[in-house]
Amino acid sequence: MSQETDLTNEFKPTRKFKIFGGRNQILCNGRCMTSHQPAVLIMTFFLLIIVAILFFSFDARYLAIRLNPVIVIPPIISIAYMVIFLLKSACIDPGIIPKPMPDEIVYFELKNPPPPKGHSPQWATEYFGNEITLKQCTTCKLYKPPRTSHCSTCNVCIENFDHHCPWVGNCVAKRNYRYFYLFGFTTLFTCIYVSGCNILNVVLTATDPGNGILDGLKVAAASLVQFAITGFVLWSLIGLVGYHTLLIAQAKTTNEAIKKTYRNRRNPYCHANIFVNFCNILCGPFFPSLLANRKFLTPEEFEFYYGRGVKTYGMQNPFLLMMKPPTVENLIPEAYPRQEPTQPVESSDENNDTTNEVKPLTASKLLSSATPLLDDTIVSS
C-alpha cells in the first residue's frame, strides 16, 4: 500500500484551531479564546459576582422597600452589560494574524535581500496607494501590517494591538477594543452607583429613630464591605477610562502612546472631528477573525501537520515541520525563473566524460542555503 493511500486512510476531520501556534487556550471547539493563564480573569469575574450578590441581598432590597423599587433597575442593567462586555473582551480573537506557512517564509527570504547585520528584514509594499515598509516579526516570521505588534505573553502578532490586559485575560486589540472600553465604562458606572447606594444605606440606617452613626455602621456592615471593594477599584477605573477616552479621541493605541509613534509626524488615522474617531471605534464594523478556528483542515493540510506526527505548529524552527520540501516552482511559480538552479556534480561513471554535468538543486538544499536554520529542536507531538 502506498504512502499516499495510508495518509488518506488516516485522515480524519480536524478543526484548524488544533494547529494554532500561540499560547492562548481555545475552548468550546474553537468558539472562544482566552489566555493560557486565566486565574486573574476568574478572580475578576468572581469579584464582580460577589459585589453584585452583596448589593442585591442587602442594599438594593432595603432601598427598594425604603425608597422606590425603581432604584434597583439601573444596577441590574449595568451589571448585566458589564458581565457581557467582560466575556466579550476575554473570549474572542482580538485580531490575531495567523503565522505563515514555511513555504511562505522561504518565498519572502528568497525574494527579499538579506538585511544588514542587526536589522530585521523589511518589505516594501503599497497601502491605500502609499508606499510603506513592513518590518518582519522575528518570532512569527511574518511582515507586520501597520499598527500590528507582537504580544510576548500570547506569542502571536495582533492587528491594532493596544495592550495585553491580565484582568480580562486577553490582548486588547482590533476586534475586542470596543468591548474592553465599554466594560471599563459600565464597571465605572456600576461602582459609582453601588458606592452611592452604600453611603445612602448607611445614612438612612443611622438616621432611623434610636440609631446613631455606629448603629448604622453595624447594621450596614455589608455596605461597608461593598464600599471598600468598589472604592478601591473606583480610582483606578477613573484613570483607566479617562486615559482610553483620550486615546480614542486622538485615534491612538496604548502601544503607540507609550512608544510616542506620532511624536514627530501626523497620525494618519486621526480625524479632525473627535466624534468620527469615537464612531470608528465604538460603532465601526466588527471585523471577521483571520484564524478560521471552526473550519476543517483540508487533506493536504492534514498531511502537512500530522503526516509525521507533528501535533503543533511551533515557529522555533519552521523548516522541521515541512512534510515535503516544496520545489522552487511550487512555492510561487511567477516569482522564479523557469530554469531551476543548478550545481556541477562529478560523474560516478568512469567511462563517462561528462564531469561538468549538472543536476537540479533539491529543495531541501535550497532551503538550507536560503537561511541558516536555528538550533536543532525537537517538535513534540
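Placed from the backbone N, Cα and C atoms, the Cβ positions cover glycine too.
These figures come from a predicted structure and were not determined experimentally.
Listed in TrEMBL for this protein:
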type: DOMAIN; residues: 133-260; note: domain 'Palmitoyltransferase DHHC'
type: REGION; residues: 338-363; note: region 'Disordered'
type: TRANSMEM; residues: 39-58; note: transmembrane segment
type: TRANSMEM; residues: 70-91; note: transmembrane segment
type: TRANSMEM; residues: 179-204; note: transmembrane segment
type: TRANSMEM; residues: 224-249; note: transmembrane segment
type: TRANSMEM; residues: 270-291; note: transmembrane segment
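Contact counts against the transmembrane segment (70-91), taken as Cβ pairs under 8 Å, peak for 179-204 among the stretches 39-58, 179-204, 224-249, 270-291.
Mean pLDDT for the domain 'Palmitoyltransferase DHHC' (133-260) in this predicted model: 88. Just going by CB pairs under 8 A, the stretch in 39-58, 224-249, 270-291 that sits most against the transmembrane segment (179-204) is 224-249.
Per DSSP, the domain 'Palmitoyltransferase DHHC' (133-260) is made up of 73 helix, 17 strand, 38 coil.
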